[in-house]
Each structure stands twice: as C-alpha cells, then as structure tokens.
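> Structure in structure tokens, see below.
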Amino acid sequence: MQAISLFRKTSHQESGFYALFLTNRIQMLYYMIVMPSALVQPYMLLAIVAMGIASQFCLYMLSKWFVTPYPAQGYQGFERLFGKTGIKILALVSLPLLLLKFSFISVSYADIMQKFVFPSMDREWHIVFPFILSCYLALFGMENMVRFVTVVFFGTIWIFFLYIPFFSVQSNSIHDLYPLIPIGPEPFAWKSLLLVFSSLSGPEFLIAISYWLNPQRKMLKYLTIANAISVGEYLFISIASLLFYGSKYLPTIKYPNVEMGRYLQSPIFERVDIILISAYMFSFLYSIALFVLMIYGASRLLGKTKTSTTRIGLIVSGCVAMAVTIPISKWFWEPGLEQAVWLDLQMWAGSATYLLFPLLIWIAIKRKARTTS
Amino acid sequence: MTTISIEALKQRLALMEDAEVIVRETADGLRLTFIYLGSLIDQERLNESILEPLVRSFQNSVEKSLTTAKISSLSNLEQAFQYLMKGSVLIHDSSSGRWNAIMLPNSLGRSIETSETETIMFGPKDSFSELLEQNILLIRRRLPLTALKTERFSVGSLTQTTVVLMYIDGLINPEFVEVAKSKLSSIDFDMFLDSSHVAAFMEDHYHSIFPQYLQTDRPDSCAYALGIGKLVILVNNTPFALIAPITLFHLFQSPEDYINRWLVASFLRPLRYLSFLLSITLIPLYVALTTHHYQMLPLQILYVIIESRSKLPLSPFWEALIILVTLEIIKEASLRMPTKTSQNLGVIGGIVIGQAAVAAGFASKVLIVLAGISAISTFLVPNYLVTKSSLLLQFMFLILASYLGVPGILLGLVGMLAHLNGLTSLNQPYLAPVSPFYWRDWVDLFVRGPLHAMRNRPEALRPLNKYRMNRRSK
Amino acid sequence: MKCIFRTTIVLLSTSMIMLVCGCDLLPENNMIEEITPIIFWSVQGGGEEDGKITISTLVPPLIKEKKRVLSLKVSLLNEGNKGFNLTYYNELKAGQIRLLFVDEAYAKRGLTRLINTVLTDPNISQRLYLVITKGNFNEFLAKHLGETDNIDYYLYRMFKHYEKKKQGEITVVNLHQFMKMLYSQVSDPQLPVFRAEGEQFLYEGTAFFDRDSMVTEIRGKDDQIIQLLYRDRFVRYLVLPDLAVTLGHIRARTRKKLTPDLSSLSIEIDVKGRIDELNSLARIEDNFQYAALTRKIERYLEENVIRLLSQMQKLQIDPLQIGELTAKPFSKPITRATWDRHWSTMKINVKVRLHLEPLTKVK
C-alpha cells in the first residue's frame, strides 16, 4: 500500500486546457439551470454579454496571478505572498464560503433531482448518494482530480447539443425575442445582472488549485476561451428557452432547462430530462469532490500543515460539510422564502468572491513587486 | 561455495531417471565425464557436435577441441545445477580438473501458427509460440535495429522463468524502462507459468478488474508497440507477451484497425466503445426502466414491454439476474468443453434460453433479445480480459439500476470513470490522452485517423524521438 | 487492525446517514407489471351546482384483455385518480398520460384549473394532447372494450402522426403549445374538436378560446382554410364544395404584415398545389379557363379568410398569433387591452396567390 498523499504532484505537463475545462464547468454549474427564468426579458440577453465582459476582467486579474512564479511553489508561494497569518485568515474566510457553496449546490441539485426524477424519495438521499461518490472521487487526490476534468467536460458538454432542436420547434417565432432593448413597462431587473455575474463566478477557486495546474504564460488565452464558451452556452440556452416559452410564460417555470429536456423525445427514450439530470450529475459530483478537497485543504491550513494527509481526514471534512448541508436541506429549505434567502446569499457571496479574490491577489502581487524591487 | 565433484553431482541426481553420466576417453588420452539430463538436451547434437569431435580430437583441453560451441566454465556446484537444469551438458576434464558447460537445449516446440485469440482477416498471420528465442526472432525480424534492446531477467523460485524486457533504446521514455526493471527485479514468488502471472506482480493496482498490461500473441502488435515508444515483456514458455504502458483505449484497438481503410476503421472503433457500453448498461437500463421509470418509455415500446411482462412471475431484476447467470453458465461451459460438444451446447443453450424460458413464462421476450444483444456486443471488444470483466460491471450496474434507476446507472458510470482515472499502468495514467489531456493523440483514439495524420508518436508516452516521419521531407 | 478501524468508521457513518435520512429509500413502486399506466383522462360536466366533474379512463391499457371504462363523479381531478385506484386492482399511474379529452361544456367554463393540476404533476409530460369532445365520450369508449381494441393507443398514434410533419389535416395542440398561447400577451389558444357518435370519433374542427375558455369553433371547409394561415403548413386536401373543386398537396406560405399604427393587416398567402378533383373537366379546356378558375378559387379563398378573420375580430380573439407581430426589436410591447382595441377595428386585406400545377393526362 503506497502512502496516501492527496495533495502531491508528480506531473509537470504544461497545459492550459485543465484551466479551460475547469473554468467552463464551474461556470456552468448551477445558475444556468435557473437563469433563464430570471432573465425573462429578451433584452436580458445583453446582460449576459455584459456580465461576460465583467467576468473577463476578473479572469484577467486571475491570469496575472498565473504568470507570477508563486503558484508553481504551492504553499510556499502563498506564504511568501501573504505571510503565515495572512494564509490563516484567508483560509478562515474562504472556509465558510466554500461550505456555503458546497451546501447550496448540493441542496439545489438534490431539489431538481427530487422534483423531476424521484418525487417520492427524500431529498436527503439525493444529497447523500452523490456525496458518497464524490468522496470516492476526492480520495484519488488533487492531481487525479484536476486531470479528471477532461473526462467531466467531454462527459457533459453533449447535453448542450440536445437543445439545438428547440430552435426549430413549430410554435417558435422570432417575435418572442423582441424587444431587444429595455423599454418594457417593467423596471430593469438589476438583480438578474448579479445573478449572471454570480453564475459566472467560480474560477476564483482556481487560485487554490493553481499549484496543480502547472500555470504558464498563455493562461489568459485559455481562461478567455472558457469564459467565451460559458457565455455562449448561457446565451444559447437563454435564447432557446425564450423562443420555446415566450417571455410571459417563462417566469412561471422554475427550471426551464429541465422542463425543456422533458419536452424532448427520442425514439428510444421519452422524458429525456431524467437522463439529462443524471448526466449533469457528472459535473456536479466533480465540483462537489473538488470542494471537499478544498475544504480539507483549507482546514489543514488552519491547523497543522506539517502532518501528512489522511483519508480519514478527508472523509471527516467531507462529513462536516454534510453536517452543514443536511440540516439546511431538512429544516431551512422551505420553498419560497427561505430558498430565496439562500439564493440571494449565494448570489452575493459568489459575486463578492469572484470580484474580491482576484483583486486581492492582484493587489498582493503588486505590493510584493514594489517591496522587492 | 562448494566445489564441484562427481560424487556430489551424482548424489543430487539420484532418483532422476533421465540423468545420465557417461565417461569417454579421447584419442589423446583425456578422460572426460559428461553429465546431462537426457530429456532436456538435444541428443543428436550432443553426439554430432560434441562427443564425436571430442573423442577424435588430439588437443589436450575441451576448449581447444570444440571451437564451434559456446563453452562456459563452472566454478561452483549451484552454478553447475543451474546450467544442467537449463539443458546444458556438463563436461569434466579429469586432467585439468575443470568443469565446463555447453548449452544444448532441446528446441522441441510448436511451429509458428496463426493466432487463435486475436484473429484477423487480413494482415500477418504468424503468432508467438512457447519458445522465447523464437518469439524474439519474430520481433527482431520486424525491427532489425541495434537499438532494439533485450534484457534478461529470471523470475520464480521454482520455475526460474526467463523474462525478456524489450524496448527501442533512444526512442522509449527511459522512465518506463527504469520502472519496469525495478518491478521485474523485485518480483518474489515461486511459479510463473504465464505472462499474466508476471503482469499480476507488476501491476500498480492488482484489485482492479481492468488489465493494466496488454497481453498479445501477435508479433506485429508488439513491433508496433515498440515502435511508438512502449516496452514489451516476453516470458518464456508462454506465447503471450505483455505490452506496457497501456491505456483503457488500447484495449479497444485491434491490429486490423490499421489494415482497414481509415474511414472504415474510424467507424468500427466507436462501435466497439458503444458495444462495450451497451454490454454493461443495456440490461441494467431495461431493469431501471421497468422498475422505476415507466414514464421514460415511448408508448410504442411500452406497449411491447408491458405485453411481454404482464404475466411473468419474477421482478425485472431477478429475471435479468437469472437470465444473465444462465447465459454466463452456458458461455463458460462452451469454453471448457471440447470443440465438437460445444456446438451441441450452443444449440441446447439457444433453445433453452430463447424458446423454453419465454414459453414457460420465466422471462420476457424483450429481455431475451436484450440479453442476446448485450452478449454479442461483449465480443466486439478485442481484448478477452475486458470481455470477462464487463460481466462483473454489468452485475454492479444491475444492482445500482434496481435500486436507483437511471441515476444509479449514471452514478456507477461516474464511479467507474473515476476508478479508471485513478488507475496507472507502469505508473502512467490509464486514461492517457483524455486525462491527462493530449489533444494531438486524439487522431488515433476514438477514431483511427489516416496514417498520414499520425506524424508524431503518442505524446502521452513522451518518447525521446517524437517524429514518425522524416521532418525534412515534409 | 487499521483495516477494521476503517471499516467500522465507514459502517458507522453509513448507519448515521441512514438514520438521518430515514430508511425507506424509494417509497414509490413503479414496477411495470404491477401498475396500469393509463393513456388518457376524459373530463366532463362541471355544469352542476356542486361543481362536480365526471372523470373517466379506460383500463387496462396496452394489454390484450377485456377493457372496462372507469368513471367517477368527483370535485377534484386527482380525487378521481385516487378513486380509480380504489376501484381497480392495479395502481393507476399518470406518467404515461398522452391525451386529455375535455368536454365542450367544461371547456366553455375555462380550462385553467384542470390544466394547472396537470401541469403541477411532475410525471405528466408536456406533450399531452388536449382535445375538446362533443357528444357522449363514455358511450363511445363503451363500444371499444374488445380484447384487441386498443382505442386509446390508436387515438394517441393518430395525434402523433398528424403532429409529426406539421400536417394541417387536423389541428393538433399539446399542453405546452396551449400554455404558450395562453400566456402569450396578445394571442389566444385553440384546440381540436371531436364528436363522439356511437362507435365513431369524428373530427369536427378547431375550437377557439378567449384566454382559457372556449368561445367558438369552426368546422369543415373553414377549418381547412384556417390551416393555410399558419406558418408553413402542408394540407393534403382542400375541399371547396361551393366551387365543386378539390385542391390537393397544398403547401401554403403565409406572410402577415401589420401597419405600424395597427390600423390594417395585410395577409399574403402563396398556395402551391394541384387540382385533385373537378366536377367537369370541360371547365378547364384551355388556359384561359384554367386561369379563370384559378382566379375564382383565389377570390373565394380571400373572401372566406376575411369572413373568418372578421369573426375572430368580433369575438376579440386571436388564435392565429397575429398579435405577436406587434413585437419589434426596438419598441415597447403593447398590452392586451390595446391590442384588443386595435384588433376589433382592424382593416384586413387578403391576397391569395394560387400556383396550381397544370393538369396533364386528363381527358
């Protein structure tokens, strides 16, 4: 039995593709499912583009971090940048954010699963089964996980192509996409801008795993491509759902993407949504596993970093995350009010981290550069 | 270190009826003792090329008399036995008191035949046999290079099996050779009767049901593997060589892929992946749909299924399990039986499964059709070991499907992929051009691109010489 | 030792999770041989003072067995569903429901409540076909109880057949399309109307709705003409008894255009097809007569389209989705009230262009 080291690194393959795939999959994680029903007005499509540009700005700051020598040094790199206490504070701040993201994604996904696949099954089961499997995934260690993203990407990207038929549905008409500019009677929904930005958030967590990404100079190119793909997918799905439902019917539907999946028929399967949701689980599981590893990593930064990593430690930190998630699902996830609170909370938290973390890193690098030169 | 003496030798060779000790005097008056195992050596060659020249020789030592044969001089008793048991003749020269050994192994064995496990329609037909030297010859004929290195190892405390490590020096990533060497020299076990035993001890993950070394008896496959920067391990007394490092995708490649037109091959290869996927998920899918997701079936198909299932005594899971186990019993039986009988078995099995089970109301017609499809599709995978392991996977998916339906199957698939992602072969990732991602290698992965497009050796193997084409002529 | 420790931890945590989540994993039994996935519901009544409706279905579906009609008088749709379970030995499941037959009388009072029930059930597909029935539907069902008589299945196949290639033979509307039209700012839905008569189930025409309640219906020839007004439809036969002519294999391409001030609507219809039947060939002996006939048909179609549209204007309904033309990329969408005001007084110009294939081989 070889020694377990969850955070070791052996490969030095220089490839920006992992960053590309990771960024794209994390951006396609949850909000894309609810987004179309929040962006009901056709002119909101412009909001997606605008937020895509804003997200590009964050990614630009992020790419500045990747060209510095710090990420290749792993923990030492962070230590040199922030100092020992600085890291501890960072870990302490990011831990609740990670836990929030973990819980929110788990419960929301379980909610969809329960609504469409097994309405009679308890929601907690839908949290627990994927969790067990994601722990199994996480046990392979960070290096395996990072390169597994390729499989995840190719295992889920095909879902996107299933929405193509919606552009040729009989009841569609181009008039559902009008007006293109915000002149309707409703006030402009600023909150939906936040929603889009928050759904584009996630790549800031690449900072934590930059050590395994073997960053290189051209990182911005890959991040940009990933961002562009995500924005493209958002637009594609939003347009498809607008065409399919029309802007009046759309807001009444909670998960338009999934409902559209339900409308699909193939000669062998109907209710394609069951397959879609299950296949979507792939990228969901992956990100859960990634977050479990990050939670473990962050909690190790708070405690002793010198001891070697153990499987038990990982499982325990996973169970802690579970211990947060299950009560939320059981007692604080009443439809309507509480759910909306969680949605808002995650929206603000996601947007804030996406804006602040790259900014913080950027400032730290600038300051360091000034003090050393 | 015990010195060699005739008495000591005779004592060890007691009760061995094929051990022979003969004494001859040369024309020069030398008194020579020959000790050998009659069954191991080539008697004719002994007479022709050793006994006769020696007896007629006028030289005063064995070395001088025999100029043709390779003579090794022996220093201790253990060494003498080693030579003896590998088919040498020990010669004792009484005047000098020296012991010499001459290898005269009996080269009895099969001739070169067509491979029965990896049959192809077109392409080279020769295959390895049990003779190691012959196997090396078959590869060397294809790769007449001085850079093609062969290193010998001996494994097994009882079998003393010779293992040969082959690679092209200056092309292969030296890391592979290092790892293979250290693995081979650290093997500690008594018997190695087949290369799969060697593989078992060299595998990084011996609990996994996926083979991490590719077994083949086709010299052309071995030559191809060597040429793109892999290593080949030949084991004495078995026709199956090991190729490493491999990935999951190699298990789905057949030598015929490179013989077919590339468009045809590119169609056949995805078909194999699909059939593997079908063979592990088709029946679980049936169980999932009939147990949990009746809404997923189109009405036309539901019509068929509900009609055929309406009067069955067993639930879909048990029905599927029983049919699958029965099918496996028949498959296994037909393997173990003599060829002539297995044909009868096929007929009986076909009737029992196909007709009687449905007529008696134990199984639905739909399931029989699906079981047939999934059984046939296992055979599309060229690798026999994968074919066998797909059965276990199928049972795993069956259980998941009966508990959790379609999401269960997807959970299982994710788990399987995660497991595959964690596997390594010779410390190299098992899902190589996908994870880690090398997009240039995709030309020969899910499709088989034209050979002209395969300018580079697989990047995932990190060969020292990357290019398969002369770069200047491009 | 370490191994045992690990196993204990895994087992412990598993049992903890089991305890938290409750033990029964999947309380619902969907085993295919133990359930009866019904294909349709038929809803009647609602006129009585207690507001009760009659809901009925046919069991067992899809099996070669003697069928029976289950029928219950209930006040809620799912009350009927539960009632069926109590009267029938198998559990009835709604996951394969493909057709919803609604009685004309019920439809006239509004479909919202019924459709809301159907929409909220996660098992029911959006591809549910909605049909308005006249006459006694249950009596029609009672005549189709034979072992091999899968009338429910065949009805479904019929709708699916006509939906697939957007054929204009009969109107086919599924739940999603109905809802989209219902929610649309300025348009109104429509549904097919069938009449149950003894053993027969006859297509009558298309019912037009004002929001969710049925207001009128058009039949026969009118229904066929209306089919031409949708975007890109194929109509197999257009029978015009008044002119004693049948057109066949018709592809119609319709362009509708609103003036910016919403005062008039111009419709241009390009009809491609051929004459399938004619009472006397003498009428088209030469090209002049042929052209004259073509013009006659064109004028006839134009008149009828205008008549039908003005009927819609009178009722202030818009089943042809003309209202959505008011949406422009850079202008404010209009409200229902504005649209209704303009629509009822709108001037309509219709131009039909008939491109008939020349007759050959006829004598």
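Keep in mind that glycine also has a Cβ here, set from the backbone N, Cα and C atoms.
Note that the structure is predicted; figures quoted are calculated from it, not measured.
Relevant sequence annotations retrieved from TrEMBL are reproduced here:
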type	residues	note
TRANSMEM	A:16-33	transmembrane segment
TRANSMEM	A:45-67	transmembrane segment
TRANSMEM	A:87-105	transmembrane segment
TRANSMEM	A:125-141	transmembrane segment
TRANSMEM	A:148-168	transmembrane segment
TRANSMEM	A:188-213	transmembrane segment
TRANSMEM	A:225-245	transmembrane segment
TRANSMEM	A:274-298	transmembrane segment
TRANSMEM	A:310-333	transmembrane segment
TRANSMEM	A:345-365	transmembrane segment
> Check the transmembrane segment (A:310-333) against each of A:16-33, A:87-105, A:125-141, A:148-168, A:345-365 and return whichever range has the most CB pairs under 8 Å.
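Top-ranked stretch among A:16-33, A:87-105, A:125-141, A:148-168, A:345-365: A:125-141.
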> Looking at the transmembrane segment (A:274-298) and the transmembrane segment (A:45-67), are there 3+ C-beta pairs under 8 A, with each pair at least 6 apart in sequence?
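With fewer than 3 qualifying Cβ pairs, these stretches do not touch.
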> Residues sitting near the transmembrane segment (A:225-245): Cβ under 8 Å, six or more positions beyond its termini, same chain?
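For the transmembrane segment (A:225-245), the list is 19-24, 27-28, 32, 35-37, 39-40, 42, 44-45, 48-49, 52, 55-56, 59, 160, 163, 166-167, 169, 172-173, 176-177, 196, 199-200, 203, 253, 256-257, 260, 263.
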> Check the transmembrane segment (A:188-213) against the transmembrane segment (A:125-141) for contact, please; criterion is three or more CB pairs under 8 Å, pairs 6 or more apart in sequence.
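Between the transmembrane segment (A:125-141) and the transmembrane segment (A:188-213), which are separate recorded stretches, there is no contact, as judged by 3 or more close Cβ pairs.
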> Please give the sequence-distant neighbours of the transmembrane segment (A:45-67): residues at least 6 beyond its ends with Cβ less than 8 Å from one of its Cβ atoms.
19, 23, 27, 39, 177, 180-181, 192-193, 196-197, 200-201, 203-204, 206-207, 210, 213, 215-217, 219-220, 223-224, 227-228, 230-231, 234-235, 238-239, 242, 354-355, 358-359, 361-362, 365
> The transmembrane segment (A:148-168) vs the transmembrane segment (A:87-105): three or more C-beta pairs under 8 Å (separation of 6 or more)?
no
> State, in range form, which of A:16-33, A:87-105, A:125-141 has the highest count of Cβ pairs under 8 Å to the transmembrane segment (A:345-365).
A:87-105
> Sequence-remote contacts (6 or more beyond its ends) of the transmembrane segment (A:16-33), Cβ cut-off under 8 Å?
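Residues 55, 59, 66, 104-105, 108-109, 112, 146-147, 149-150, 152-153, 156, 195-196, 198-203, 205-206, 209, 213, 215-216, 218-219, 221-223, 225-227, 229-230, 233-234, 237, 255, 257-258, 283-284, 286-287 contact the transmembrane segment (A:16-33) from elsewhere in the chain.
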